[in-house]
Every structure is written in structure tokens, then in C-alpha cells.
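Trainee: The following block contains the structure, expressed as C-alpha cells.
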């Protein structure tokens with residue numbers, strides 16, 4: 001019998017046993033021309049298992065054992081021993097994996113920061129600072145998204161440009177843009193009246209509205225277990241509403257409407273842009289929806305928020321920080337969409353969903369620390385129940401697929 005084992009990066013050992021005698025041979029890769037047939041003459045290979053072993057120093061090494069019997073010669077498996085430079089290649093791959101891991105962590109951190117940052121800054125501007133123009137603020141967001149989307153796609157080539165192929169597709173995107181406007185504007189209006197913590201609790205009920213609209217519009221039914229998981233989602237918000245010290249009825253209604261509009265956009269997007277020829281990735285969809293949103297929001301701003309531009313300029317003369325707040329807030333609104341796309345691309349939609357559930361909880365904690373809004377145990381219990389229900393809903397949806 002013969003055993004062959006790698007004992008060093010450039011050396012393997014052949015141990016032969018025959019006639020009651022054991023001989024050991026160490027062959028250098030530099031002597032690769034030496035045939036093992038000369039070491040183990042007249043033997044036949046039986047099997048070649050590959051395994052990992054540890055030597056006395058605690059280092060792990062790959063070894064191959066070749067059992068042979070009489071009647072033939074022995075040879076190493078194909079590709080063994082490793083060619084020169086293989087260790088460098090493995091080390092390079094490990095370095096690449098490490099850098100990719102840090103890149104993904106950085107993306108997730110940027111996504112969290114931009115999402116929570118734009119939410120808190122909206123709250124500060126609309127409530128604490130006293131800038132009471134949510135429609136104009138949303139129009140600033142959409143203007144920034146229009147310009148930065150064009151720069152990212154047309155100049156920086158972040159994603160390939162997808163064109164609108166028909167008038168029908170254009171009207172479909174316009175409809176989505178209108179619903180998108182309603183959801184964002186209503187969400188910003190609700191921040192004037194509700195604390196961020198309660199706003200996030202209501203916003204967590206999006207899966208409930210998505211299931212309702214999917215059934216009403218497409219007659220799509222989910223498994224009974226999926227519907228059952230929505231019970232704690234709704235119950236949690238009811239409990240949180242009863243225990244919210246800063247509850248405001250109008251703000252609550254507007255926040256529910258914003259959540260419903262967000263769910264409706266998701267369902268409509270799946271219906272209107274379902275064909276292969278009309279599907280757009282999120283970056284290209286934003287490129288077309290954002291300018292359309294500006295067109296919708298401009299007359300609404302002029303009619304419902306009269307002389308908002310003049311008031312903003314007057315505020316800027318007294319405090320120039322308002323201009324920087326608006327510019328930074330608008331840029332953050334775009335980066336929310338950009339990092340959302342990149343995180344999905346480098347992880348998965350499921351990972352993004354899990355991170356989104358955790359993001360709401362982080363936003364609640366950060367907002368309470370910054371704005372010092374009063375919270376009650378009942379309210380936090382209700383919000384926790386809602387988040388728990390959303391997690392159960394995600395798991396039920398995943399299993400039903």
C-alpha cells in the first residue's frame with residue numbers, strides 16, 4: 001500500500017509498504033519529473049479520497065491518500081500538486097471577499113443613514129423649525145431626484161438607460177408617479193402633527209394595505225396563514241394609537257392615507273409594468289417618475305402653498321441655514337433611492353426587507369433621543385407587536401412561495 005500526503009507547500013511525502021517493510025520518500029515539486037511509478041512500482045490505484053488534516057503545529061493542510069495494490073503504477077489525481085501561485089490566488093480571493101464584505105456593510109450603513117436622516121430632517125423642518133410647506137418640500141425632493149438620476153444614469157452609467165417604448169407605458173408611469181406623489185406628500189404632512197415614532201408604527205402596516213389592494217384589484221388571495229399574521233400588525237397600531245401621548249386625529253388619518261398610497265403604488269407597479277418589455281429597474285423608474293412628480297406638484301404648491309418661494313427666500317435672508325437644510329434634505333431623498341437599489345443589488349430583496357424592519361425600530365429610538373417626544377409603555381408595546389407581525393408576515397410570504 002502507498003500513502004501520499006502534502007507536508008509542505010512544495011513537498012509531498014510518499015510512504016510505501018510492502019513485504020513487511022515501510023519506506024518513506026519526500027519528493028520536491030522541483031523534482032516533478034520524477035515518476036511515482038519509480039517510488040511505488042507495480043501497484044494499482046484503488047481510490048483517491050481528498051480530506052483536510054492538521055499537523056502537529058496546529059496548521060491545517062490539504063492531503064490526498066492514494067491506496068494501491070499489486071498490478072500497476074500510481075499517479076497523483078488531476079491537477080495535483082497545486083500549481084505555483086495557487087496560494088497567492090487563494091489569498092487574493094480571500095482579500096476580495098473581505099473587501100466586498102466591507103463594501104456591503106458600508107452600503108447598508110449608507111442606506112440606514114440616508115433613510116433615517118431624511119425622515120428626521122423632514123420632521124425637524126416641518127415641525128420644529130417651522131417650515132410648514134410639505135408640498136414644496138416634496139417638490140424639492142423630486143427636483144433633486146430628477147437631476148441626480150440623470151447624472152447617475154446618463155453620465156456616470158450606474159445602470160444602463162432604459163427608454164419608454166410606448167405612449168401607453170408613459171401613461172402607466174404617470175399614474176404611478178401621481179400615486180407616489182400622494183404617498184410622499186401625505187407622509188410629510190403627517191410629520192407636522194405626529195412624532196416620528198408613531199409615524200413609523202403606522203407606516204409598518206404597509207403589508208396589510210398591500211394585501212388588501214392586491215385582493216381588491218387583482219383578486220389575488222394569499223394563504224390563510226399570511227392573512228393571520230396581519231392581525232398583530234393592525235392590533236399593534238390600534239394599541240399604539242391608544243397609548244400615544246401626542247396622538248393627533250388628522251395627522252393619523254393622513255399617515256394612514258400615505259401608507260395606503262405607498263401600498264397601492266407597489267401593487268399598481270406590479271400590474272402596470274409586468275410585461276418584459278415594460279419592466280424598469282428602480283433607478284430608471286425614478287428617472288421618469290421624478291420629473292412627472294414635479295409637474296404634478298408645481299401647480300399644487302402654487303395653489304395650496306401660496307407664495308412659498310417668496311416666504312422661503314425671506315426666511316433665507318434671516319437664516320441662510322434653511323437653504324442648506326433644503327439642499328441637503330433633497331440630496332438625501334435621492335440617496336435613499338440610490339442606496340436602496342444598490343443594497344438590493346449587492347444583497348437581496350429579502351435582506352432589504354429584513355433590514356427595513358430593523359430600520360423602523362432604529363428610527364424610532366433615534367427620534368426619541370433627538371426630539372425627546374414623550375412615549376408610553378403601551379405605545380411601545382403596540383409598536384413592538386406591529387413589527388413582530390410584519391416579521392411573521394415576511395416569513396409567511398416567503399414560505400408560501
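Using N, Cα and C of the backbone, Cβ positions are placed for all residues, glycine too.
The following feature annotations were taken from TrEMBL:
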DOMAIN    107-394  domain 'Sugar phosphate transporter'
TRANSMEM  102-121  transmembrane segment
TRANSMEM  133-158  transmembrane segment
TRANSMEM  170-191  transmembrane segment
TRANSMEM  197-217  transmembrane segment
TRANSMEM  224-241  transmembrane segment
TRANSMEM  247-264  transmembrane segment
TRANSMEM  285-302  transmembrane segment
TRANSMEM  322-343  transmembrane segment
TRANSMEM  350-371  transmembrane segment
TRANSMEM  377-394  transmembrane segment
Trainee: Within the domain 'Sugar phosphate transporter' (107-394) only, compute the mean pLDDT.
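Mentor: Within the domain 'Sugar phosphate transporter' (107-394), the model's average pLDDT equals 91.
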Trainee: Sort out the residues at least 6 away from either end of the transmembrane segment (285-302), same chain, that have Cβ-Cβ distances under 8 Å to it, and list them.
Mentor: 133, 135-136, 138-139, 142-143, 145-146, 149-150, 153, 164, 173-174, 176-178, 180-181, 184-185, 269, 273, 308, 337
Trainee: What else in the chain is close to the transmembrane segment (197-217), if you only count residues 6 or more beyond its ends and a Cβ gap under 8 Å?
Mentor: 187, 190-191, 226-227, 230, 233-234, 236-237, 240-241, 244, 246-247, 252, 255-256, 258-260, 262-264, 266-268, 271, 357, 360, 363-364, 367-368, 373, 375, 379, 382-383, 386-387, 390, 393-394
Trainee: Test the contact criterion for the transmembrane segment (377-394) and the transmembrane segment (224-241): 3 or more CB pairs under 8 Å, pairs 6 or more apart in sequence, then answer yes or no.
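Mentor: Yes, the stretches contact each other.
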Trainee: Any contact between the transmembrane segment (170-191) and the transmembrane segment (350-371)? By contact I mean 3+ C-beta pairs closer than 8 Å, pairs at least 6 apart along the chain.
Mentor: no
Trainee: Taking a Cβ cut-off under 8 Å, which residues six or more beyond the ends of the transmembrane segment (350-371) line up next to it in the same chain?
Mentor: 108, 111-112, 115-116, 119-120, 123, 128, 195-197, 200-201, 203-204, 340, 343-344, 383, 387, 390-391, 394, 398
Trainee: So if I exclude everything within five residues of the ends of the transmembrane segment (322-343), which remaining residues of that chain have a CB under 8 angstroms from its CBs? That is, six or more out.
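Mentor: Hits for the transmembrane segment (322-343): 104, 107-108, 110-111, 114-115, 117-118, 121-122, 124-125, 129, 131, 137, 140-141, 143-145, 148-149, 152, 158-159, 281-283, 286, 312, 315-316, 351-352, 355.
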Trainee: In the same chain, which residue numbers or ranges, 6 or more beyond the ends of the transmembrane segment (247-264), come under 8 angstroms Cβ to Cβ?
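Mentor: Distant Cβ neighbours of the transmembrane segment (247-264) are 179-180, 182-187, 189-190, 192-194, 198-199, 202-203, 205-210, 212-213, 241.
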